[in-house]
Structure formats: structure tokens, C-alpha cells
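Sequence annotations record features per position, and here Swiss-Prot assigns topological domain 'Cytoplasmic' to 1-21, 43-399. Positions annotated as intramembrane segment by Swiss-Prot: 22-42. For 284-326, the entry in Swiss-Prot reads domain 'CUE'. Taken from Swiss-Prot, the feature region 'Disordered' covers 332-364.
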Amino acid sequence: MEQPSLESMLELQRFPRNPFSLVLLLLYFPFGLCLFLIRLFIGAHVFLVSCVLPDSVFRRILLRVMSSVLGVYVSHSELRPWDQRGKILICNHRTAFDHSVISRIAPCCSPSVSCAPGFLCWARGFLELGALGSRTQLMESLKHYLSQPGGAPLLLFPEEDTTNGRTGLLHFSSWPFSLSDSVQPLSLTVQRPLIAVAVSGCSWVTELFWLLFIPFTVYQVRWLPSVCRLPRESDEDFACRVQQIVSLSLGVVATRHTAADRAEYVKRRRCELPAPKSQPLSPTHIQMAQHVKEVLPQVPLSAIHRDLGHTGCVDTTITNFLEGRVTFVAEEEETTGAAEGTSKSRVSRPLPQGFAKKPEDRHLSLQDRKQILYECARRKYLEKFGSVPGEEEEEGARG
């Protein structure tokens, strides 16, 4: 079967493209906002209950009932009885709350692979293993945890990141399969009306808002037969075999795309997003920019438009460029006429960009260069408009 592309495996847009569904979402928005606030209050009580009660069948049933009030419905089916002696549960990854949902129906815990240890990690329901600096340290900590008697099974997500679950699974990482020779696979599907279940690149806080905003989200868990390692089977081959079993249960393709490929694709797509279109420039703004361009031909129009957007004044913009308040990459000025006399050559010639070739240009001080640039701009302004604003008032005051 042909391997699907990463784009088809990820959810990149949250809102529906169907106009009818979009209208329904807009009509539902006020009710959803009220529902979010109510569920946020109830969710605080659910969190307190999960903290106070010990892990037991009664606690899991109570949390499932309270979670249904939050709009999270969990159903599970077994192809055969679950072998509860297994210490490793393997599942595909759909949302940021998969570990919390599955723990409602089975005693298990999921290690904090990407979440920093602390209160937030504990509050999200992850198993804290201390500060982990490398994958080797993580595996050593998990092996130590599994060696302790009476511990809950580990729920691991070999995909290491979420997909939309419609076309394919990310390549299973091999490190979870090095922890045990027997694993218990399960497949997870998630459904939700109106909007996408999870959008790539969004934080868990954003996903929590939409989880409480939407009327309901249905999680369906399917227990699959336990899988044992074959003689002389490597961790990589073991992972590929379990990936095939889970993908067949979901009706999708087991791909070779890794979590690193997914992260790179999301990053690249984010950089390639088109910039928002700017508002069309008014005729007055264009005329003002042209005046500045005639006085300072070496300044690019993009820099002129940008500064005029802040100042709204031709004289102020010219002053900003002359005094160096606005940085820009100068354009090459085209020569339109013969060179002027030697008396005006020092003022009229454009300043060299970069390292000057003539010795006299290299010995010019910064103040001299600014004065030359100012005189050149003033002369061109006088030739174009007849007078420089502000000088007429000074002459009138002297008279």
C-alpha cells in the first residue's frame, strides 16, 4: 500500500471548511462559551476527587461519570480478555489527554517524556521520574519502575506525537519495546462534532479549552491480543510488527514517517504561511512617498512607506533618513546627466556604499558624510519644490 504524506496524517486546520458546519459553529459559540465556564468549575472538583481518592475501581468509575459531565465519553471493547499481567501498554497517539482517558478504564500510568517534572506534570496525570537528561536515563528509570512489585502498567505511545488517525501511523520508536518481551497493544479512535480533535502545533491548554467548549468528545479504546517477542527478534522489528497490528485495527497504513519528520514538517509549514495582506495605500500616501523618493533616491520605497506609516509627514521622514534614525539597504542611484563642476562635485556626488575606492572618500568623517548627504537632499528638494519648510519662517522672522 502506498505510504500517505505527512500532510494527510496531520490536522492542520481546526475549523470546518463546510459553510453549513461553520454557520452551526458560529451559532453554537455563545452556548459553548457558557458550557466551558461551567465545565471549568466542575473540572476543578474532578481534579480534587482524583487527588483525594486512592487508585481503585470505585475511583475509576466515579471519574468516568464525572468526566462524562465534562463531555468526555469513554467506551472500550475487547477482542479477547486483557492480559493484566502485561506491564507495557502500547497505543497510538491522538490527543494530549490520551493517557488520562485510558487510565479511566484501566489501571495504568504514563511517564512524562516531554513534560518537565513538577506540579504541572503531576496535575496532568503523568508519572514523574525526576529530571531526565537523555533517553538512556529515561529507560533506566522505567526499568527500575517495572522492577518494583505492585506497580501499575506503563502506558506508552511509540509514535511520540499525535496524528489525525485517518490515514496512517507514525513510525513506532523502538525504545518502548526494549523494556519488555511482551506488550499489550490497544487502538484508540477519537471523534468530535464541528471541529478537529487535535491540531498540530497547538498547546495542551488550547486543546483543553476546545475539549470543554464542544458538546462531547468520544474516545473509543479497543484492546488487542498481547504480542510477545519472537526468538532473535530485534527491538526495531518488534516495534514494526506491533505497529502493523495497531494499524490494521485502525484501518490505516503503518508509515516510516517519524516524530522528527512531523516536527520538521510543522515547523516548515509554519514558516511558509503567507504573510497577511497589507491594506492598499492611499493616493496621498503614494504621493508623499514619491516626494521622499525624489529627494532621497537611494532609499528604497519599502523603507519609505514603512516610515511614512509611522510619521505621516514628508519632512519628518526625510529627517529620519538623513539623521540615521531609520536603517535601510541603499539602492544604486542611476546617473541621469553629466558631472557637475568641481565646486559642486563634493556635494552632488552620491556617497559610496561600503568601503570607498577613492582616498578622499575614505578620509571623510561621519559628520562630513552626513553633511554631504544633507546638502544633496536639500539641493534636490529646492530644485523640486522651491523652498525647504521651516526656512521661510526663519527668514520672515529675521526680516
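Any Cβ shown, glycine's included, is placed from N, Cα and C.
Here the topological domain 'Cytoplasmic' (1-21) has long-range neighbours at 163-164, 166-168, 170, 194-200, 202, 210, 253, 255-257, 261-262, 265-266, 269, meaning same-chain residues at least 6 beyond its ends whose C-beta is under 8 angstroms from one of its own.
Across the domain 'CUE' (284-326), DSSP assigns 32 helix, 0 strand, 11 coil. Model confidence over the topological domain 'Cytoplasmic' (1-21) stands at 86, taken as the mean pLDDT rounded to a whole number. In the topological domain 'Cytoplasmic' (1-21), the DSSP tally of helix, strand and coil residues is 7 helix, 0 strand, 14 coil.
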